[in-house]
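These features come from Swiss-Prot:
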SIGNAL    1-23  signal peptide
COMPBIAS  37-72  compositional bias 'Pro residues'
REGION    73-231  region 'Pectinesterase inhibitor 25'
CARBOHYD  ASN220  N-linked glycosylation site
CARBOHYD  ASN255  N-linked glycosylation site
REGION    302-601  region 'Pectinesterase 25'
CARBOHYD  ASN312  N-linked glycosylation site
CARBOHYD  ASN325  N-linked glycosylation site
CARBOHYD  ASN364  N-linked glycosylation site
CARBOHYD  ASN382  N-linked glycosylation site
SITE      GLN432  site 'Transition state stabilizer'
ACT_SITE  ASP433  active site, proton donor
DISULFID  CYS447-CYS467  disulfide bond
ACT_SITE  ASP454  active site, nucleophile
CARBOHYD  ASN500  N-linked glycosylation site
CARBOHYD  ASN550  N-linked glycosylation site
CARBOHYD  ASN591  N-linked glycosylation site
CARBOHYD  ASN596  N-linked glycosylation site
Amino acid sequence: MKMQTLNFTSSLLFLSFIFLSCALLISSQQSPSQPHSEPPSQLPFEPPVESPFFPPSQPPIFVPPSQPPSLPPSQSQSPSLACKSTPYPKLCRTILNAVKSSPSDPYRYGKFTIKQCLKQASRLSKVITSYARRVESKPGSATAEEIGAVADCGELSELSVNYLETVTTELKTAQVMTAALVEHVNSLLSGVVTNQQTCLDGLVEAKSGFAAAIGSPMGNLTRLYSISLGLVSHALNRNLKRFKASKGKILGGGNSTYREPLETLIKGLRKTCDNDKDCRKTSRNLGELGETSGGSILVSKAVIVGPFKSDNFTTITDAIAAAPNNTRPEDGYFVIYAREGVYEEYIVVPINKKNLMLMGDGINKTIITGNHNVVDGWTTYNCSSFAVVGERFMAVDVTFRNTAGPEKHQAVALRNNAEGSSFYRCSFEGYQDTLYVHSLRQFYRECDIYGTVDFIFGNAAAIFQNCNIYARKPMAKQKNAITAHGRLDPNQNTGISIINCTIKAAPDLAAEPKSAMTFLGRPWKPYSRTVFMQSYISDIVQPVGWLEWNGTIGLDTIYYGEYSNFGPGANTNQRVQWLGYNLLNLAEAMNFTVYNFTMGDTWLPQTDIPFYGGLLSKE
């Protein structure tokens with residue numbers, strides 16, 4: 001159906017102002033350079049020389065961070081030299097040369113472009129918000145799909161402004177440049193690039209007239225984001241080599257918080273709040289239910305969601321709304337214990353709700369479910385049963401489900417664009433696009449993931465450890481792809497790393513194994529990056545292993561890898577012969593561990609979720 005479009009005059013005038021006022025963006029539209037497919041450059045710190053492995057059940061030992069010296073200015077660089085680290089060197093030189101007092105320090109180049117990014121992102125966000133309001137105020141002027149896509153763009157543009165403000169503040173106030181800070185900055189800048197592309201993809205899919213009006217300015221702004229990412233990432237990592245990186249530490253808490261092992265917290269809450277018993281105990285009482293031994297989690301408060309009079313809330317949404325805003329890691333987790341039951345509510349953890357822990361009674365006991373999908377007019381970005389944006393979110397013993405079915409195509413169970421988020425003993429159930437690992441750094445441990453087409457997809461830096469990945473039976477003539485990573489830029493620190501997992505057929509596909517072909521993944525975007533390491537791969541996976549997305553597009557620039565997998569589907573003799581496909585050696589594989597890929601050893605200890613920083617010992 002052909003869409004009706006609004007009069008774009010006012011929006012175009014404002015967009016033209018952006019386009020003209022941003023002289024640094026007016027340049028020839030240069031395509032990204034096409035580098036050879038190579039292993040990722042060395043990350044902030046290498047695994048210990050004496051042993052490349054950590055024991056499977058033990059995280060690294062954490063010590064108080066050393067205090068590196070403040071960073072002296074880097075050696076001067078010309079714009080031409082600095083811009084070699086970006087995908088758009090010609091446009092980059094135009095940007096830096098446009099400033100009369102052009103800074104010569106690479107770090108200042110990056111900070112200058114971030115300032116420009118924030119200025120233009122704020123303007124673009126206002127344009128999108130204004131247009132969204134006009135669409136909503138004129139019923140019938142746009143389709144439901146277009147309204148949804150524009151709303152997504154508004155949300156994503158606001159997130160990008162927030163990320164850029166955070167980066168600006170952190171770079172301005174940092175006394176020392178730790179490895180953890182560098183990785184956090186890189187993650188947020190990578191997220192900005194991803195947000196922009198998600199907006200554009202959604203507008204195009206909705207056949208929105210607004211896409212044509214906003215496409216050129218957004219394209220230029222995307223290039224600016226990409227240039228800033230390249231400059232900042234390169235400059236910070238150069239400076240980082242001046243001292244040894246510090247490891248993470250366990251943060252202390254204030255008088256209103258307490259520490260206890262995660263398992264003790266879980267058992268204590270379930271025991272104390274059994275059935276309809278009074279759960280209105282103080283945080284201190286809950287904290288004294290068990291003895292602390294080894295790791296622990298810092299808790300500020302615990303609330304209960306359930307049907308009993310003694311429970312604090314009847315919906316998870318209300319419990320989230322009651323959580324404090326913008327808390328810090330040292331403030332502790334706000335714990336939401338959702339009793340066994342089916343929660344038919346569409347839940348969003350917004351960006352201001354940080355340090356939330358959602359705890360259930362176990363897989364298939366505490367269930368969050370919905371059925372929104374693309375066929376019924378929802379966008380892929382906004383059709384999830386559960387969405388999380390707030391930093392440091394963690395979930396334990398919960399099932400996230402989308403019941404739309406394969407005939408409804410994209411139907412997301414959980415969308416995650418939360419920095420430093422983690423999921424432990426959770427289940428994600430759907431068909432196409434089950435788990436949307438949208439952006440930023442994520443960790444999944446001992447989880448079950450069910451789906452058909454692209455059922456782990458997005459552009460996060462996501463690590464899966466000890467998970468079960470089940471391919472379901474798709475619709476006729478469909479092919480299963482376990483992963484579809486969306487890395488857009490060679491400087492993004494994103495990818496999917498699957499370690500010590502089990503890949504096999506779900507019961508419906510196991511009953512008819514020849515009804516559909518299953519592949520490890522396909523490249524959603526040109527720099528897609530995915531590795532399978534030390535995992536069991538059943539014979540459900542085709543001998544070629546991987547599937548192209550659109551002909552040969554991206555096959556030379558992606559980075560797909562396998563390392564030390566086993567099982568009947570792990571034989572690599574007949575694997576694809578793409579330039580971007582790699583059989584990894586140990587050194588290359590170590591780049592995709594918790595220790596190196598997401599620097600999880602600097603933030604996962606706060607969750608007390610078990611993890612290993614390296615690879616499994618071969619002993």
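Note: Cβ is positioned from N, Cα and C throughout, glycine not excepted.
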Out of the recorded positions ASN312, GLN432, ASN500, ASN596, give me the one sitting nearest to ASN550 (N-linked glycosylation site) by CA distance.
GLN432
Just to verify a number: CA distance, ASP433 (active site, proton donor) to ASP454 (active site, nucleophile), in angstrom, no decimals.
5
Rank the glycosylation sites ASN325, ASN591, ASN596 by the number of other Cβ atoms within 10 Å of each Cβ, and give the residue at the low end.
ASN325
Spatial separation of ASN364 (N-linked glycosylation site) from CYS447 (disulfide bond) - C-alpha basis, Å:
12
Could you check what DSSP calls ASN220 (N-linked glycosylation site) once collapsed to helix, strand or coil?
helix
Restricting attention to the region 'Pectinesterase inhibitor 25' (73-231), give the mean pLDDT.
89
For the recorded positions ASN220, ASN364, ASN382, GLN432, the one whose C-beta sees the most other C-beta atoms within 10 angstroms:
GLN432
What whole-number Å value do you get for the CA-CA distance of the residue listed as 'active site, nucleophile' and GLN432 (site 'Transition state stabilizer')?
6
Of all the glycosylation sites given, namely ASN220, ASN382, ASN591, which is spatially nearest to GLN432 (site 'Transition state stabilizer') at the Cα level?
ASN382
Which of ASN500, ASN550, all glycosylation sites, has a Cβ with the fewest other Cβ atoms inside 10 Å:
ASN550
Go through ASP433, ASP454, our active-site residues, and report the one whose Cβ sees the most other Cβ atoms within 10 Å.
ASP433
